[in-house]
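K.L.:
My structure is below; once you've seen it, I'll send some questions.
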């Protein structure tokens, strides 16, 4: 959530910044107008409460002196009614103000490419050239089906579209990938966490998914009243429970930065994705992802973003997967992010790079919503900065391995770093499936 004081005192700057993220200036004008009325009413209410205290003392004095206090009592009643009306007005204005604030995205960083969509994204660097073959490479969904290690048909029968069974060596490969990711992340200084996979609304609001993105997730409902949500949502990413671990808490400065990592399932409705990536592992309703989260001091967050991005890159490099790093434009970056780097891995059958990680600096945006603060050496409280990044999306990593390491005979060579995690298996063949 943005700081209303920053918007109030820098209105033109705020309009210019948020215009690059699709926010109309009229929304900020309305917000500032509500804020001014709220502060005016709040000040008047506080003044009247002070007056009421004075009148109360006068009444007590008159009663002690056995004087008539009826006029003062009547005056206090009138003041009390006015205070009640003002406080009600302040509460309503506060609700309106928060309604707008909770739906405004983060301010983009000055270095972000400016543009309305991903066509304005800028390549920052590239690692290795795209994989070349002496034959026409197959798509990972065909490779997985032909090898008998991925089964979409039975998953569709059981769960519907955008689900998959991993079979035999497919399941082993998925497990090898996420165990490798977790091991490497812990070597890089992250503490592993196993978080809850169901979270409450306050947690979803803390990381910015609610109230704006309800349609993108799966929420649990009450069996006795299907129209009534239970205040529990299946997590769309481990970022939610990892960041909210620190919600409403004060961290001592000497504990920062904090680095945590977690494997979790991710559940997404993929609303608005009809017709996109209908085959394969790229866009699923349920998938596994290893997440990395950092909590740090404001003056450290930009350096921590670079470290976070390099941690994610390190995983792709050890797997030998070609990729490039892209700085997202103001119109393509996520709601909570001030700056985002996407890591896009090369997919030979699609002849293009596809996102496998997003590494974002959310500055104090999530910390303000979730009240994540730290106490400095002088005892003063400050909002922390939060960062998050995929390290990495497991299913997409499996897809990239199948496509980049495929052989002409239909087999897939296992990347060297994964062989120990695959019980020594160096090649996945048709005999690797189960059914």
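Glycine residues also receive a Cβ, built from the backbone N, Cα and C atoms like all the rest.
Heads up, here are the entries from Swiss-Prot:
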type	residues	note
BINDING	237, 238, 239, 291, 390	L-serine binding site
BINDING	268, 269, 270, 355, 356, 357, 358	ATP binding site
COMPBIAS	42-69	compositional bias 'Basic and acidic residues'
REGION	42-70	region 'Disordered'
K.L.:
Taking residue 237 (L-serine binding site) as the reference, which of 268, 269, 270, 355, 356, 357 (the binding-site residues) have a CA within 10 A of its CA?
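P.N.:
268, listed in sequence order.
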K.L.:
Have a look around residue 237 (L-serine binding site) and count the other CB atoms within 10 A of its CB, chains all included.
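P.N.:
Residue 237 (L-serine binding site) is surrounded by 23 other Cβ atoms within 10 Å.
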K.L.:
Which numbers of helix, strand and coil residues does DSSP report for the region 'Disordered' (42-70)?
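P.N.:
The region 'Disordered' (42-70) comes out at 24 helix, 0 strand, 5 coil.
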K.L.:
Setting 237, 238, 239, 291, 390 aside, what same-chain residues sit with their Cβ within 8 Å of the center of the Cβ atoms that define the L-serine site, listed in sequence order?
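P.N.:
Apart from the listed residues, the neighbours are 240, 242, 262, 264, 266, 289, 290, 292, 293, 388, 389.
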K.L.:
How long is the line from the C-alpha of residue 355 (ATP binding site) to the C-alpha of residue 390 (L-serine binding site), rounded to the nearest angstrom?
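P.N.:
A Cα-Cα distance of 10 Å.
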K.L.:
Far apart in sequence but close in space: which same-chain residues, 6 or more away, have a Cβ under 8 Å from residue 358 (ATP binding site)?
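P.N.:
When sequence neighbours closer than 6 are ignored, residue 358 (ATP binding site) has 328, 334, 340, 341, 342, 343, 389, 390 within Cβ distance under 8 Å.
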K.L.:
Where else in the chain does the compositional bias 'Basic and acidic residues' (42-69) make close Cβ contacts, counting only residues six or more beyond its ends and a cut-off under 8 Å?
P.N.:
75-76, 79-80, 82-83, 86-87, 90
K.L.:
Give the sequence-ordered list of residues that share a chain with residue 268 (ATP binding site), lie 6 or more positions from it, and have CB atoms under 8 Å from its CB.
P.N.:
216, 217, 236, 284, 285
K.L.:
In the three-state scheme derived from DSSP, which category covers residue 239 (L-serine binding site)?
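P.N.:
In three-state terms, residue 239 (L-serine binding site) counts as helix.
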K.L.:
Sort out the sequence-distant neighbours of residue 291 (L-serine binding site) for me: same chain, 6+ apart, CB within less than 8 Å of its CB, listed by position.
P.N.:
237, 238, 239, 242, 261, 262, 264, 388, 389, 390, 391
K.L.:
Under a three-state reduction of DSSP output, how is residue 268 (ATP binding site) classified: helix, strand, or coil?
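P.N.:
The residue in question, residue 268 (ATP binding site), is coil (DSSP, three-state).
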K.L.:
Taking each of the binding-site residues 269, 357, 390 in turn and counting other Cβ atoms within 10 Å of its Cβ, which one has the fewest?
P.N.:
269
